[in-house]
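Engineer: Okay, here's the structure, questions in a sec.
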Amino acid sequence: MATNAAPTAPVCSAPMKATSNGAFQKENPLDFALPLLIVQIILVVSFTRLLAFLLRPLRQPRVIAEIIGGILLGPSALGRYQNFLDIIFPKKSMTVLDTLANIGLLYFLFLVGLELDIRAIRRTGTNSLIIAVAGISLPFILGIGASVVLRSTVNKGVSNIVFLVFMGVALSITAFPVLARILAELKLLTTDVGRIAMSAAAVNDVVAWILLALAIALSGSDSSYLVSVWVLLCGTAFIVFSIFVLKPILSVMARRSPEGEPVKELYICITLSIVLAAGLITDIIGIHALFGAFVVGIIIPKDGPFAGVLIEKIEDLVSGLFLPLYFASSGLKTNVATIEGSQSWGLLVLVIFTACFGKIVGTVVLAMLFKVPFIEALALGVLMNTKGLVELIVLNIGKDRKVLNDQTFAILVLMALFTTFITTPIVMAVYKPARKGKPYKNRKIQRQDLDSELRVLACFHSTRNIPTLINLIESSRGTRKKGQLCIYAMHLMELSERSSAISMIHKARKNGLPFWNKKPGDQNQMVIAFEAYQQLRSVVIRPMTAISPLNSIHEDICTSADRKRAALIIMPFHKHQRVDGTMESLGHSFHLVNQRVLRHAPCSVGILVDRGLGGTTQVVASEVSYSVVVPFFGSQDDREALAYGMRMAEHPGIKLTLLKFTPKPETALNPPKADMGAESKKDNEIFSEFLNLSKSSESVKHEAIAMGSREDVIAALRSMSNSTLFLVGRTSPAMPLSDRSSDCPELGHVGSYLASSDFSTTSSILVIQQYDPSINAMEKPLDDINEASNKTMSNGV
């Protein structure tokens, strides 16, 4: 007798519980959501950071490492081992992982909107606008042909219009954040190519989001175009609502957060909640939650500290932990193994060629029509072909909405990876802008023509350095009518992997790097301080900003000094004095910056140990009353220090004292210098100039000190420990003045002793190294200089 078997219902796995009871309860923590998520985060972050470190010598942006890391963790590499996927990335855990990754992405797009200044886009020149449109239009048009080929071969069964729009967007996008980092890494932001690329990429970014919104609206599951129209209308209504309702609310909170006061925690909470609410609304509309967050970021006022505090609060958590999860989630969907056979690989080559040809040719042709040289136009085209996170967002949305199948998705991900990877090496190969300025002769303070303009590049890290710098400038301006002082005040800012670094680049986008603060309404308090001083004195001060990684910011400093024909670079010491008088280091990276500048500088260099020269505020000219001491042992650096001191002595408020150390008859330099006679002659010449100055000025005097041991030197220096400022030659031929070895060889023996807390807590020190044209300062290693200096100093007096 036949029986009818009941149909078997599909068995669904039980949802994962959040936490386990522990291994001692015989439970596997990886079977529970929270422990497994922690393992996934640690693995993804560690793996991508390792890849970023390995790719650093190739000067690739971190997004490359994150895309490659996601692909390697997915079914293309490690994911080919099913046990690995079942343990680390089981299917039942993907909902939690994707949700957390998308929350991170939501806030990252909010950060992107915060960094995008619509006012800057409005100011974009016509040339950049047309180049941007060409860089979008031609790839979009060529994407039509590529979409026809892909749809007829590997991506069958989807709407022709929807697939065409997705392909056009994928091929025409330029990743603005990635492009900004590449330009900063290659030091191209100062060039015409960099300025045009940044302007065009900003325009491209906005257009890409509009096109993506259109693509999402068209890709709904309902085939009716009326639904797509409603989605677009509701999306437009949301933007209008954001501008006329949300923006005034955010503006009120921004106005109630003045400069110098902490932003209320309530305002931060309200803003972050508005981001989530906006994401919910756009998700309900059907154009993805990311758009709501992006729009909120755009409408937040960029003036004042409010936007900066928001970035500071969330950027590290979002960029460091959550965003790599999105790349991992994308990588788990990417299976390179689906690209098999000559047809699939041929399609990959076709897509890459179409993307590159459209972007590069479209940009090059339009750029050359605007009389941009071919090499610069070619570099611009390659830069505009940069892809990044927005590209992955487009592809993932397309895959989730069934517009792209696995094979097409893998092809487009590899296209994005390849086009971004080749950007840096190709630009480095084809475009090498001139780094050096025109040759000039006044590369040091000591010179024959005393009436020539003295140009100084004064660098600082923060507002803490500004009062001392301004007081030093005031003391150095002299009284000459012709030989004026020109100061380039350069703010050194570190370009990190943080999102907020892009907002700094936005400033550079308008004016180049280092950029000139020419905007009349610029409220940068550092610029205001220098401009206020400039209006009161006959000193030309030009504020600048250098934005670079600390391991290469010395290139910006030295290049700027060369282009501006500076005679002296003043660098802040890498340590600052605490309240108790001890010196605290700002970090080893800042220490290395000073050493690299000494090694590569095209002019003289001074390292300023700041102990509050003139106090913590700017001193007016009538109140300047400084005692300046120059210890003189006899060397080219000592002569440079004395030349600077003699210029300072022209100020009526400066009292200059020269301590001229001479060895006792029974003491001699050992080993003797081969050019001792020539050096002594030069020492005597500048000393004669000093004597002539002292005869005409009562505020200038000198003391001759005979010395036979370091105790004599220490005693003489200690007698002047109440002085305001010491001007010291870096390689003075003096013995070490301390039993402890110095960790600051760039200060020399005398400078190291004066900078120690044992000597004084009130005397600032400027350690000067004179530019020596006989030495190739651009190539000579600092260690060799220090070694030679130590050999000279070790047995000297």
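Note that Cβ sites are derived from N, Cα and C of the backbone, with glycine treated the same way.
Pasting the feature list from TrEMBL:
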DOMAIN    45-427  domain 'Cation/H+ exchanger transmembrane'
DOMAIN    484-621  domain 'Cation/H(+) antiporter central'
DOMAIN    625-772  domain 'Cation/H(+) antiporter C-terminal'
TRANSMEM  32-51  transmembrane segment
TRANSMEM  63-79  transmembrane segment
TRANSMEM  99-116  transmembrane segment
TRANSMEM  128-149  transmembrane segment
TRANSMEM  161-184  transmembrane segment
TRANSMEM  196-219  transmembrane segment
TRANSMEM  225-246  transmembrane segment
TRANSMEM  267-300  transmembrane segment
TRANSMEM  345-370  transmembrane segment
TRANSMEM  377-397  transmembrane segment
TRANSMEM  409-431  transmembrane segment
Engineer: Tell me, roughly as an integer, the mean pLDDT over the domain 'Cation/H(+) antiporter central' (484-621).
Structural biologist: 74
Engineer: Is the transmembrane segment (345-370) packed against any residues at least 6 beyond its ends, judged by a Cβ distance under 8 Å, and which are they?
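Structural biologist: Same-chain residues near the transmembrane segment (345-370) but 6 or more away: 127, 130-131, 134-135, 137-143, 145-146, 149-150, 153-154, 171-172, 174, 196, 200, 339, 376-378, 380-382, 384-385, 411-412, 414-415, 418-419.
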Engineer: Which residues of the same chain, at least 6 past either end of the transmembrane segment (267-300), have a Cβ under 8 Å from a Cβ in it?
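Structural biologist: For the transmembrane segment (267-300), the sequence-distant neighbours (Cβ-Cβ under 8 Å, at least 6 residues beyond its ends) are 102, 105-107, 109-116, 118, 209, 213, 216-217, 220, 231, 234-235, 238-239, 242-243, 246-247, 249-250, 253-254, 256-257, 306-307, 309-310, 313-314, 393, 397.
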Engineer: Using a cut-off of under 8 Å between C-beta atoms, tell me which stretch among 128-149, 196-219, 409-431 contacts the transmembrane segment (161-184) the most.
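Structural biologist: Per the Cβ count, the answer is 196-219.
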Engineer: Can at least 3 Cβ pairs under 8 A be found between the transmembrane segment (409-431) and the transmembrane segment (225-246), with each pair 6 or more apart in sequence?
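Structural biologist: Touching, no - the transmembrane segment (409-431) and the transmembrane segment (225-246) miss the threshold of 3 or more Cβ pairs under 8 Å.
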Engineer: So which residues does the transmembrane segment (63-79) touch in its own chain, when a touch means Cβ under 8 Å and the partner is 6 or more beyond its ends?
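Structural biologist: Distant Cβ neighbours of the transmembrane segment (63-79) are 43-44, 47-49, 51-52, 54-55, 85, 89, 175, 178, 323-324, 327-337, 388-389, 392, 410, 413, 416-417, 420-421.
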Engineer: Taking DSSP states H, G and I as helix and E and B as strand, how many residues of the domain 'Cation/H(+) antiporter C-terminal' (625-772) are helix, strand and coil?
Structural biologist: 54 helix, 36 strand, 58 coil
Engineer: Who are the chain neighbours of the transmembrane segment (196-219) in space, where the CB to CB distance is under 8 Å and they lie at least 6 residues beyond its ends?
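Structural biologist: Result: 116, 120-121, 124-125, 127-129, 131-133, 135-136, 140, 159, 161-162, 165-166, 168-169, 172-176, 179-180, 183, 188-189, 228, 231-232, 235, 286-288, 291, 294, 363, 367, 372, 380, 383-384, 386, 390, 393-394, 397-398, 401, 403, 505, 509.
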